[in-house]
Amino acid sequence: MNLRTLIELARPRSSTDRRRMALLVSAVALAGAFLLAGQRVARHSATYLDGWEQSSYLAEPGLRQGVVVAAVLMAGTACALAFQALRLGTAARDRRLTTLRLAGATPNQVRLVGAVDAGLGGLAGGILAGPLYFVLAAAVQALPGEARVLPAPNYLDLLAWPVAIVLLTVLAAIAGRSLRRGLVTEPTVDPAATGWRTKYLVIGLVGLALIVLSSMVFNLVTIFAQTAGVVLAASGFAPLAVARHGRRLGRSGDPLKMLAGARLLHTARPVGRMLALLVFCGGVAGVVMAMAVDLQATSGGVIQDDPFYLTGFAFVGLLALFAALAAGVALLAGTADDLLDQRRQLAALSVFGVGESQLLRSVRRRLTSTVAPAITIGLLIGGGLYSSILLRAEYSSSGRAFVVVLVGAVTGGLVAWLVAAAAAFLLRGQVREAVDPQNLRSA
């Protein structure tokens, strides 16, 4: 196959493919913009020629490195969102690639189609990353002096932009080439689904033990150990909790709950991974809330007038919010992909009297019953751990911090429920397509 043929085969054809490509391009553009911002901060030379206009986060070398790390983390989160965009519509796309394989295409040619498909999205996203970075830099320059955590762009950014384009295109092509290609190029047997619960249970128990052991001693090392324990515990217990919740809904007498439970049980592992990220983001937000209450109590209210603290809290909160948004979009994309993959079964249910509105309520239950508890639990974990540190240090603000975290957890859970319900409403087009009786004619 020549390049023109590969591009023609990889070109988006359905509405799902076009949405997937738009999400992929947007995520890659965000990743590129954050990478360009990170390299600009890394090249910044801290001088005080601008007087008080120089942000402390750029003037101090240690803080400047933290800004670079935060930019890289946000770029990594955007890359994770791009990877989830590649998985959107995977079932239908794999069937098309299987057709190519049966038509005589070699396994390498099938992988090349996947690489070109993703590479085109990476190329478009890399091209858009430059303008997006300059818009971001202009917006940051309009902020007050302490909040200007991104220096003004210079000519070297124009040289870094093509490098970012090449890097993002290559990474996207590699991801597209490797994504589930074994399922469509060679006959394989799916591994048994048994035994995964034991693995995740062990991971969760290790994380829980790490949290308990690191709570006995307070120093810088144990703080990082406690953070790692939260990540491991959330990653291990979240899929198990989703599977248990799915089984509980499946035993319900409500048909819509049974349908939601069956799909949650089938997608327990991918949904659990995204919920683990939401728990971690909620934990970060809980720590920020408790820390803000502590500083407010110990500094006599100076935090309200100190832009250094306000900028730091806003920066961490923005990072957690962006990661939570990426996880939410990934959950939404996975649900849309599941609707596409199950369209024949859903069309059969529609023929037997299950309407579009009923299926949409089932989808809403799937999202709201998992997202809201994840955010609430994360806020409680983060705020509770920080409040326990204050309590052991005998700070008087520990009780006040826990009350604020408790109120914030309830509020955050309610907001997450509303956002998940609104996100489910966005899938009404996919539900309408899935229940179309014409799907029963597909081979």
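Glycine is treated like the rest: Cβ placed from N, Cα and C.
Per TrEMBL, domain 'ABC3 transporter permease C-terminal' is recorded for 69-175.
Taken from TrEMBL, the feature transmembrane segment covers 66-86 (among others).
As annotated by TrEMBL, transmembrane segment applies to 118-139 (among others).
Packing against the transmembrane segment (159-179) from elsewhere in the chain are residues 24, 28, 31-32, 35-36, 39-40, 79, 82-83, 86-87, 90, 111-112, 114-119, 121-123, 125-127, 129-130, 133: each is 6 or more residues past its ends and has a CB under 8 Å from a CB in it. Per TrEMBL, the feature transmembrane segment maps to 159-179 (among others).
Residues 223, 225-226, 228-237, 239-240, 269, 272, 385, 388 of the same chain sit 6 or more residues outside the transmembrane segment (200-217) yet have a Cβ under 8 Å from a Cβ within it. The feature transmembrane segment is assigned by TrEMBL to 200-217 (among others).
Non-local neighbours of the transmembrane segment (223-243) in the same chain are 196-197, 200-211, 213-215, 264-265, 267-269, 271-273, 275-276, 279-280, 283, 370, 374, 378, 381-382, 385; each lies 6+ residues outside the stretch with a CB under 8 Å from one of its CB atoms. Among the features that TrEMBL reports, transmembrane segment is placed at 223-243 (among others).
The transmembrane segment annotation in TrEMBL covers 274-293 (among others).
Residues or ranges marked as transmembrane segment in TrEMBL: 313-334 (among others). Counting only same-chain residues 6+ beyond the ends of the transmembrane segment (313-334), those with a CB under 8 A from a CB of the stretch are 20, 23, 27, 57, 67, 70, 73-74, 77-78, 80-81, 84-85, 87-88, 147, 149, 267, 270-271, 274-275, 277-278, 280-282, 284-285, 288, 291-292, 367, 370-371, 375, 419-420, 423, 426-427.
Positions annotated as transmembrane segment by TrEMBL: 367-389 (among others). With a cut-off of 8 Å between Cβ atoms, the residues of this chain six or more beyond the transmembrane segment (367-389) that come close are 211, 215, 218, 226, 230, 234, 238, 242, 245, 249, 260, 264, 271, 275, 278-291, 294, 324, 328, 331-332, 335, 398-399, 401-402, 404-406, 408-410, 412-417, 419-421, 423-424.
Under 8 Å from some Cβ of the transmembrane segment (401-427) lie the Cβ atoms of residues 282, 285-286, 289-290, 293-294, 328, 332, 335-336, 339, 360, 363-364, 366-368, 371-376, 379-380, 382-384, 386-387, 390, all in the same chain and six or more residues away from its ends. Taken from TrEMBL, the feature transmembrane segment covers 401-427 (among others).
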Surrounding residues of the transmembrane segment (118-139) on its own chain - C-beta under 8 Å, 6+ positions past either end: 7, 10, 21, 24-33, 35-37, 40, 82, 85-86, 150-153, 157-158, 161, 164-173, 175-177, 179
